[in-house]
Amino acid sequence: MAHAPEQDPATSDLGEERPKWDNKAQYFLSCIGFAVGLGNIWRFPYLCQTYGGGAFLIPYVIALVFEGIPIFHVELAIGQRLRKGSVGVWTAISPYLSGVGLSSVTLSLLISLYYNAIVAWVLWYLLNSFQHPLPWSSCPPDLNRTGFVEECQGSSAVSYFWYRQTLNITADINDSGSIQWWLLLCLAASWAVVYMCVIRGIETTGKVIYFTALFPYLVLTIFVIRGLTLPGATKGLIYLFTPNMHILQNPQVWLDAATQIFFSLSLAFGGHIAFASYNSPRNDCQKDAVVIALVNSMTSLYASIAVFSVLGFKATNDYGHCLDRNILSLINEFDFPEQSISRDDYLAVLMHLNATWPKRVAQLPLKFCRLEDFLDKSASGPGLAFILFTEAVLHMPGAPAWAVLFFGMLFTLGLSTMFGSMEAVITPMLDVGVLPRWVPKEALTGLVCLACFLFATCFTLQSGNYWLEIFDNVAASLNLLILAFLEVVGVAYVYGMKRFCDDIAWMTGRRPSPYWRLTWRVVSPLLLLTIFVAYITLLSQKPLSYRAWNPKYELFPTRQEKLYPGWVLAACALLSLLPLLWVPGVALAQLLTRQRRTWRDRDARLDTDTS
């Protein structure tokens, strides 16, 4: 039978009532907004298309059922039951595990630094979308105004706007370059917006979240409706979801599916623990975990339809232009009448000319045009948002309006995720009393946001994009895997499975089923351990490298593969270890403190006996 707590943790700290959500919708939308982020738009569709379309959903669903939902349930349950942020939760479970909470806070800070830098990039594109024609629609003229800028002609107008006019990127990470003032202003504006929204915690974010969490769904719906009416949209969707079951033999597919679920749900950040701590103690956290996780996954599928219907239109458009250039070459070479060769007749005409005039055809600069090759030109991350999708938007009637909608959606998605990241930092600080209690919460929030802005200015340097990739690939991945493993093991084996199940029964009115208990005890820890080993194995197989944008590279506009210099590798090692150092450090400090207390008690007893 579930035990009744002796004291409600909501009022156990300093006798003060903990803030609560105004209603269940605020909490639900906050969790959705934190979980559904940029990765749902620009990473899941890429993985789904890369790894066999519909076949990728098999490892994805397996990872969701046995890794994502169980760990998500753990975070919501311990936050709601213990009514504290991540540091307070893990200190309550065991003082030796306090470092897990501190690691989550440190990691959330690091991730917030570069995540809001991406939001700043989105803001820059959003502001530039309010003009016609769009600034990335054509190459700028050169200094003599006799032609176009050579770098732009050698790549594309879209790539030039991203790499040169936005990032003004250097060709090597050793060359830091200068701060780009337009990015600095956008970064300052992004942090100012975040501060205004999180200034009073859930009191303010709970109001804003209605817009930031729901607006992306409105825009996605508009893009789905418009995308499905574009020529070539169905070809993009067929290519996306056509299953290739043989791809499942590749272990990389299973690794990417597991990590996508993990990062998409924002596990181990501490944000969901903080959000759940403001819930009513009797809230059904089990149902919340399942519903929010399913909504997050369905959003990824919904976003895939929107993205690849538009990219299918772009591929069809590019394929048509490729055929048109070849047709024009044939017409000019053989003096055919204009428009005498249609796209449908091109292959038949080419085969006939190849049979009758092979030498003349061989001398022509004909490109090999295949629709699948254009559909293969997919990308994830900033490459999808700032290059592929922006180029696709150019081909749509009313391009500026679609650009405003797209980047407005990304901006609100980024803000919603930032709310959770900042809550994961500020809530534990308030719980442990970092500042005196007379200092208002608004001041603490302002200090955190200001410090983050100052540290994040490194991403506005000309080499900032390289450093952002380092933070994303090194600081986040490894630390989150280890922290999630410590979370589920800490709850199952330190807090105790029986005690945890009793708590859930007290909160929800029913005990966890064998599925939950088995995943918490065995399946999820083993799965996380397997992912960790596979991740380390992949890292050790090849040296860390980055892809530089170098106009002087002989294969330009292909990005040049370069190895990181030694000092950058040292920074990578520091970033990957820094958050986790709290775990052994705090445990060791607790052990020494307890040992010192034992010795002091022993000396006191000896003094008493001798006297």
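Placement of Cβ uses the backbone N, Cα and C atoms for every residue, glycine included.
Automated prediction, rather than curation, is the source of TrEMBL annotations.
Here is what TrEMBL records for this protein:
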type	residues	note
BINDING	GLY33, ALA35, VAL36, ASN40, SER264, ASN296, LEU413	Na(+) binding site
TRANSMEM	27-45	transmembrane segment
TRANSMEM	57-78	transmembrane segment
TRANSMEM	99-127	transmembrane segment
TRANSMEM	179-198	transmembrane segment
TRANSMEM	210-233	transmembrane segment
TRANSMEM	253-278	transmembrane segment
TRANSMEM	290-311	transmembrane segment
TRANSMEM	401-422	transmembrane segment
TRANSMEM	443-462	transmembrane segment
TRANSMEM	474-497	transmembrane segment
TRANSMEM	518-538	transmembrane segment
TRANSMEM	567-592	transmembrane segment
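TrEMBL feature annotations superimposed on the structure.
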| residue | record | Cβ neighbours (10 Å) |
| --- | --- | --- |
| GLY33 | Na(+) binding site | 26 |
| ALA35 | Na(+) binding site | 27 |
| VAL36 | Na(+) binding site | 27 |
| ASN40 | Na(+) binding site | 24 |
| SER264 | Na(+) binding site | 23 |
| ASN296 | Na(+) binding site | 24 |
| LEU413 | Na(+) binding site | 26 |
Contacting positions for the transmembrane segment (443-462) when only residues 6+ beyond its ends and CB under 8 Å are counted: 109, 112-114, 116-117, 120, 167-170, 175-180, 183-184, 187-188, 191, 194-195, 198-201, 422, 425-426, 429-430, 434-435, 468
Shell list (Na(+); ref centroid = CB of GLY33, ALA35, VAL36, ASN40, SER264, ASN296, LEU413; cutoff 8 A): ILE32, PHE34, GLY37, GLY39, SER266, THR299, SER300, SER416, THR417
Ranked first among 27-45, 57-78, 210-233, 290-311, 567-592 for CB pairs under 8 angstroms with the transmembrane segment (401-422): 27-45
Which of 27-45, 210-233, 253-278, 474-497, 518-538 contacts the transmembrane segment (290-311) most, counting Cβ pairs under 8 Å: 27-45
Stretch of maximal Cβ-Cβ contact with the transmembrane segment (27-45) [cut-off: under 8 Å; candidates 99-127, 253-278, 474-497, 518-538, 567-592]: 253-278
Segment proximity, the transmembrane segment (567-592) to the transmembrane segment (99-127), 3 or more C-beta pairs under 8 Å: yes
Leading contact stretch, 57-78, 179-198, 210-233, 253-278, 567-592 vs the transmembrane segment (518-538) - CB distance under 8 Å: 57-78
Remote residues contacting the transmembrane segment (179-198) - C-beta distance under 8 A, at least 6 residues beyond either end: 116-117, 119-121, 123-124, 127, 166-168, 204-205, 208, 212, 415, 418-419, 422-423, 426, 445-446, 449-450, 452-453, 456-457, 459-462, 464
